[in-house]
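Pulled from TrEMBL:
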COMPBIAS  1843-1861  compositional bias 'Polar residues'
DOMAIN    29-114  domain 'Ig-like'
DOMAIN    122-212  domain 'Ig-like'
DOMAIN    216-305  domain 'Ig-like'
DOMAIN    310-399  domain 'Ig-like'
DOMAIN    404-505  domain 'Fibronectin type-III'
DOMAIN    510-606  domain 'Fibronectin type-III'
DOMAIN    611-710  domain 'Fibronectin type-III'
DOMAIN    714-808  domain 'Fibronectin type-III'
DOMAIN    812-911  domain 'Fibronectin type-III'
DOMAIN    916-1014  domain 'Fibronectin type-III'
DOMAIN    1019-1116  domain 'Fibronectin type-III'
DOMAIN    1120-1214  domain 'Fibronectin type-III'
DOMAIN    1219-1316  domain 'Fibronectin type-III'
DOMAIN    1330-1432  domain 'Fibronectin type-III'
DOMAIN    1437-1533  domain 'Fibronectin type-III'
DOMAIN    1635-1737  domain 'Fibronectin type-III'
REGION    392-416  region 'Disordered'
REGION    1811-1830  region 'Disordered'
REGION    1843-1870  region 'Disordered'
TRANSMEM  1741-1764  transmembrane segment
Amino acid sequence: MGRSQGWLEEARLRTIATYVGGPADPIAPTIIIPPRNTSVVSGTSEVTMECVANARPLIKLSITWRKDGAVVNSGLSDFNRRLTVIGPMVIDSGYYECEAVLRSSSPRTRCDLPCLSVSEPPQFMKEPERHITAEMEKVVDIPCQARGVPQPDMVWYKDAVPISPVKTPRYRVLVGGSLQINGLLPDDTGMFQCFARNPAGEVQTNTYLAVTSIAPNITAGPTDSTVIDGMSVILHCETSGAPRPAITWQKGERVLASGSVQLPRFTLLESGSLLISPAHISDAGAYTCMASNSRGIDEAAADLVVWARTRITSPPQDQSVIKGTKATMSCGVTHDTSVSVRYVWEKDGSVINAQPTPRVRLDPDGTLHIYQTWSGDIGTYTCRVTSVGGNDSRSAHLPEGLDLPGGRQGGSMRTAVEENESLDWTDTSQRIMGSRDETHYVYESVSPPDAPWTVLLANIEPESTAVTVSGLIPARSYQFRLCAVNDVGKGQFSKETDRLSLPEEPPSAPPQNVIASGRTNQSIMIQWQPPPESHQNGILRGYIIRYCLAGLPVGYQFKNITNPDVTNLLLEDLIIWTNYEIEVAAYNGAGLGTFSHKVTEWTLQGVPTIAPPNVQAEAVNSTAIRFTWTAPSPQFINGINQGYKLLAWEPGQEEEVTVMTVRPNFQDSVHVGYITGLKKFTEYFTSVLCFTTPGDGPRSPPRLLRTHEDTPGAVGHLSFTDILDTSLKVSWREPQEKNGILTGYRISWEEYNRTNTRVTHYLPNVTLEYRVTGLTALTTYTIEVAGMTSKGQGQLSSSTISSGVPPELPGPPTNMAISNIGPRSVTLQFKPGYDGKTSISRWVIEAQIGAIGENEDWTMVHQVPNEPDARSLEVPGLNPYTFYRFRMRQVNIVGTSPPSQPSRKIQTLQAPPDIAPANVTLRTASETSLWLRWVPLPEWEYNGNPELVGYRVQYARTGSQGRPLTHVISDRLEREFTIEDLEEWTEYEVRVQALNGIGAGPWSQPVRGRTRESVPSCGPTNVSAFATTSSSILVRWLEVPDADRNGLILGYKVAYKEKDSDSSLHFWTVEGNTSQSVQLTGLGKYVLYEIQVLAFTRIGDGVPSTPPILERTLDDVPGPPVGILFPEVRTTSVRLIWQSPAQPNGIILAYQITYRLNSTNSNTATVDVLNPSARQYTVTGLRPESVYVFRITAQTRKGWGEAAEALVVTTEKRARPQPTSRPAVQQEDVQARSVLLSWEPGSDGLSPVRYYTVQVRELPDSNWTVHSASVSHDATSYVVDRLKPFTSYQFRVKATNDIGDSEYSEESEAITTLQDVKGEGDTRVIFSPHPQPPPEERINGILLGFRVRYRELLYDRLRSFTVRTVNSPSATWTELTCESPYSVRNLTESSLTQYELDNLSKHKRYEIRLSVYNAVGEGPTSTPQEVFVGEAVPTAPPQNVAIQSATATQLDVTWDPPPLETQNGDIQGYKIYYWEFQRRNETERLRTLFLPEGGVKLKNLTGYTTYMISVAAFNAAGDGPRSPPTRGRTQQAAPSAPSFIHFSELTTTSVNVSWGEPQYPNGIIEGYRLVYEPCTPVDGVSKIVTVDVKGGAPFWMKIKDLADGVTYNFRIRAKTFTYGPEVEANITTGPGEGAPGPPGEPFITRYGTALTIHWASGDPGRAPITRYVIEARPSDEGLWDILIKDIPKEVTSYTFNMEILKQGVSYDFRVIGVNDYGYGSPSPPSPSISAQKVAPFYEEWWFLVVVALVGLIFILLLVFILIIRGQSKKYAKKSDSGRQEELTLDEGRFPALELNNRRLSVKNSFCRKNGVYTRSPPRPSPGSLHYSDEDVSTKYNDLIPAESSSLTEKPSEISDSQGSDSEYEVDQNRQKTHSFVNHYISDPTYYNSWRRQQKGISRAQGQGSLFSLAPGSRAPIAGFSSFV
């Protein structure tokens, strides 16, 4: 039943009522009047459906309408009883449902689904045209389709009569309503009507059909075809006509197929085409297709060529050969002679390339030769034959039967060769007889010419007239002479013979000292020396080396060295690890000499080529795997088996392989090995490999297995909460090491140390907490938790807890120690602290990382839970090669303890990097390179020595199964690399990993990139050529191999030229990538052409096919002979000469000469035929003074060719021709590259002109050049071509006749050729984008501007590229690749050298082409350049650079990033440049920060140094500009050590010490500290003296309190705010070796105030004395000091003024000699002499007595007055005096004493220090008593700004208290200034007073003191000697 009928079916009612009991017993809903099925027509105003229901209570009744299951909310009325649809449409059709329900109960009632049907009148969707014309017997479809609801019925009428398809089968109504008429007849002409009806209405349409008839026409006839024997071929024949033409196929007169004839193998197809299946050789011929009908006949014909099928008739055979011998595999083929065959051999599916492999040779007939076979040659070999005549392939196997050579066997063979050089001749000279008969002859020879004669034969029989001489040396020249000998003596020698050179013979001795040594696993080096010269027997031409496998019956292989000077050879491509026998022989022009003795040598070992077979692996427990395997065949090991490597790795972690090495076992056939220490219950891939000394062989196929299950590890994070008196809650986490599938948990608890109270519970594996109940209050419990697997209980986690007792905060651990330092972990030993009345739940380890110090931050690096009894912990997860300092905390349930004391500083070991380089990007660089960039590792990720950090780049073709290539970059800061030598137009996958001195890190995620498109690297294959006519050749080819296309092939070019000619190549371009043949036309006749085919892409032309195809055009009649001249002309005869035709067009068979009088017709001509070699002809019997016409023509097999004609005048009055007129050029005849030159001939001089010569000159400076020397004799104009556009030229012409050349004509006017478009593309464009102007000679006119074309390359972002096939020859690159069209910009300034393209899209690749144009037009475009746009360096520096001084060696630098609009991409990092101020070139350094952070800490700087710092940002494109330098200075630090210590003026008791300032002051130098002491105790006393020098200068000090002959150690260090390191040196007092001896004892004379010292010269030492020095000292045991320095060496006395001495002091003097070795030994001291002057009157005794008396009177008066007035202050003064006498104890419990000093007025430093002082009596010097040595001179204190001097005594020794007597020399201009610091004071006018001081108080007198001593220090006191 139709659906429309279903809509009209009455609705069935279904009431669903469910009784639900209740207090009111409601009535379930019941539908009384259900809705009915309703049908309406579209366009009706409305339709209403009604649904009446009953229920109790009625107020709760609800009616709901649904359409097709969806609730209807609109059109409802009367409490939803009625549903009204306004304006019903087709979309309103559907099933409607009415549902009644009580709101408070669940029962509901639904009706069956009534249907609303909306009808729509018919409407035509497709109508026929009003008039249709069709041909007879055709099929015509008359369209007629309509739509409506319901679907209308279609009814057809013809001529108002209904059409019945039953009655008329040719009429058929199609689905949809169209009418189809088959086999049209004339009666079908008429009116056709189409009616569409449904219940909603009816529509109709009509058309008129006219049936016509047409004569047959073959629209697509057969074409010439080629088929392979046995294949099928279709000859097409498509026709048109009405009625349909009948097709008949004929071959000759034989009908092959028609409507009534059907021969076997020939099938007439429905389309009229002829199918021949299969084709036979006999089917070749002409085929005709004939079409006929009642209107006529048409026919077409074509030729069928049947090629013999290409078959392998002699296939390769399976064979076994001996290792080292040759294997030959044939591949015989039968094929059509017109078909070229290509042989391809494959081994195991891989193509064999015989070009680079000398061991493999492929013959032209397809035979494959493999020399020196070895195990690597085993496999299946397949010969594949490809041709246009079919393809075929056959295979053969070279099995594993190659015999392996045995052990090293030696053998030798001796060949004895006996050579005999002889010379035979006969002496026919006349013998001159003496008076007696000859008894014998003597025969002599000489060689070389200047050598003496040598007797060869001394006793030749007198009857002999000939003799044979043997024993001569080949290749030498000899002369001979003969003399007769009789009884009287020797006669005269005969005349010497002519010099006779003996022929060469092969060398008679082998090369000498042949040695061989293995170089690689496939090469051996051979060296030798030439044979002895006497055995070379000629000039050596070279050497032959033959070699073969030792001990095997194999043939020799040979190497030929053609240079006799070469005496070594590297034999290559040998078999790995094989013994060879090698021999060497020399050869000359006569042949090969003897071979040397055999030498044997082995090639070196190689790596195995196969993996061990029969590998089995199984897990034996949870941490071990057992391997079994068998050894590989020895012939595949290629060396000595060193053992096997067992490998195991987890899936996805191929780089982390566990390796176990197993030694080889030569006794057992099955090998067994184990890998232990693996992870439990973990999957592993396993493999085995064999290795030799050079390396590892391939791995066996990996097998996946899993280690066994085991018990789990400890649960995690055991903790207690909700602690009550009788219960608590225990929580934990799953074990980190499950080691299997968890089955549950075991929890137990017991009172502490009472196992009998244990309670145990087993919990499911999902339970992670448990409440323990039933505890006793205030009791300590031990609680244990463990995981469970099928293997049992795991490790216990336990803790103690006291019920009801609140725990406390724990104390810190103590006694921390470090051990087991590794790259990523250390072990900490410690003693736990106070546990806080509960067990420790967690140990926390904190560390200072990298930067160690009191102010550095502490970071938590590890925590260990649930180990309360731990005493040592392993700290994992550390950074390799990093400094750490640790501290610990312990945690219980209350909290965390304070930290422990820090540990010592340690450094972890090195490890491979943990991370891969980031931001790896790959860009196209060129056709064969890719540009790779990445962000280098940060310093903290090096994990090792930074100097060894680098990167490894791995790259391979995408999808390639071969081994990837790698490249190692050793620079850790490198961030880019160009991958070179890649394939063109190929996608590569690249990865990068970091590596250090330990190993490599993980690989980065692979990135992909494609190399740029390039030109094809190979030509098309199977190029063939067939000459079709005498001037055309048909060229065919196949496609370029995929691997060599290097881009999208846009077309092909056929390159051809005449063979062996110097002409340039001609190109024939074939557009499109589907055409694979072309007809070359316009070729020379019977010319042999070299033809090559190349493919081109958008980049340019590819490599031509090789080898060139040779093909000759067909022959034709020849061209005219050339070069006709008449060199001899007489009045009755002439001789003419000629050359063969320039276009012979075939083989010249003959020449024909015809001549006649010029005044007669051709019938009177004389004809003569000459042979083809004739080039001249003489004619006699001619008429004098007449003009003759000569015609010469040549003949080929195609007939006689064009004749060459020449006139000649039979006269002897011939002369050279006259010049032509001045050549002229009309302006309309001027082109861009040619001009038409015209002239008027001159007189021919009674000898006709034979040809003209045209010369051309380019202005302004070029020379004349010949453009053509063969212009026809009858020409008066000539086209001069090959000129340059827009260039000026001049021309001239000369004529040539039989006599000679005329003079050149007058030069033509200057002619300028026209402009032309640019001749060729600008190949020098480097558009970055900066164009360069083309060369001027290529502009061809005035350059007007440039034209830039650019577009985005879409393929750059595609992973694959599909090559489209376009048949259109005019297809462009845009069409082929769907690329966007070019955008064009015109640059009108011809002087531009750069141009910026703007408004481009970022991060896109653009193609740019450039062309130039002039007034004529635009030249060709340049080669496309590709530019990646969008990557630019930042254009602004970082902002707000600020510097903060952190320490003496660190500056903290901060900055803000460049403005966002100037960043030009993501900032990848910053470069910080810093250098010392004003020392940039020497100190500039770079710190690279590979993170976009805003600050850096510059460490390891120089203290107290000003630095300039500049910051630059960088992104993927490169570095941006630097910020302006910002200045910052580090804080002060301890200075470096003084740069040097130098000693000078060394005497027995003093030395001058100087030093250099520190190289790195690191601050402001405040002073120096000098410490010196004897290296060994002096007299049992070791005195250490310390001198502090204030200020930064001077840098020297005079030390004078030294002992003679003692070695002292001096140490000096500088001070800023603290002291720096020391520099030290030793010096020994006293004269050195070679110094002068002591002068004689001096004596002194005195005259007034002058003293004169006299001495005698002593031993000068090893050098002459240069000067003398006088030393002086006070007689009361003072120190010696230099008084006079520079005393001339010639004098022995010296006078000085006594004023330089201290008055009243007695002095001793001594003299010291000085030479180049230094100061010598001093003389003995002179007698003491006082420096007392003669006293004046006021110093006489009587004057003093008077003054004393007067003074006494005044004193008594003064005393009397003071006594009266000062009585009241007496006791107060006594009290003050008593306080001054109090003693204060120093730190050593001894009084601290201070010596008061008085100011002295003296003239020089010597007097200041050695004046007359009162000596205080000796006093005790306790061991810890400290002295202050104060000077008495203000000037002294000014000159020596020393800070302090201290002396420290060693506890076990007695110290002399004699102080340090030192000075500075500040003013070098001060003459004779000397100082004595420590001495006895003998001047009675001054005294020293002692007073007690308070502890720590020092009193300064006058202008200051020489040394300011701190309390507790000890130093000698001036004027006193220390004692014990």
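Glycine is no exception: its Cβ is also placed from the backbone N, Cα and C atoms.
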Mind checking which residues reach the transmembrane segment (1741-1764)? Cβ under 8 Å, same chain, six or more beyond either end. none
Highest-contact recorded stretch vs the domain 'Fibronectin type-III' (611-710), from 29-114, 216-305, 812-911, 916-1014, 1437-1533, CB pairs under 8 Å: 916-1014
Which listed stretch (916-1014, 1019-1116, 1437-1533, 1635-1737) has the most C-beta pairs under 8 A with the domain 'Ig-like' (310-399)? 1019-1116
Cβ pairs under 8 Å between the domain 'Fibronectin type-III' (1437-1533) and the domain 'Fibronectin type-III' (1019-1116), at least three: no
Just to be sure I understand, if DSSP states are collapsed into helix, strand and coil, how many residues of the domain 'Fibronectin type-III' (812-911) fall in each? 0 helix, 43 strand, 57 coil
If you average pLDDT over the domain 'Fibronectin type-III' (1330-1432), what do you get? 65
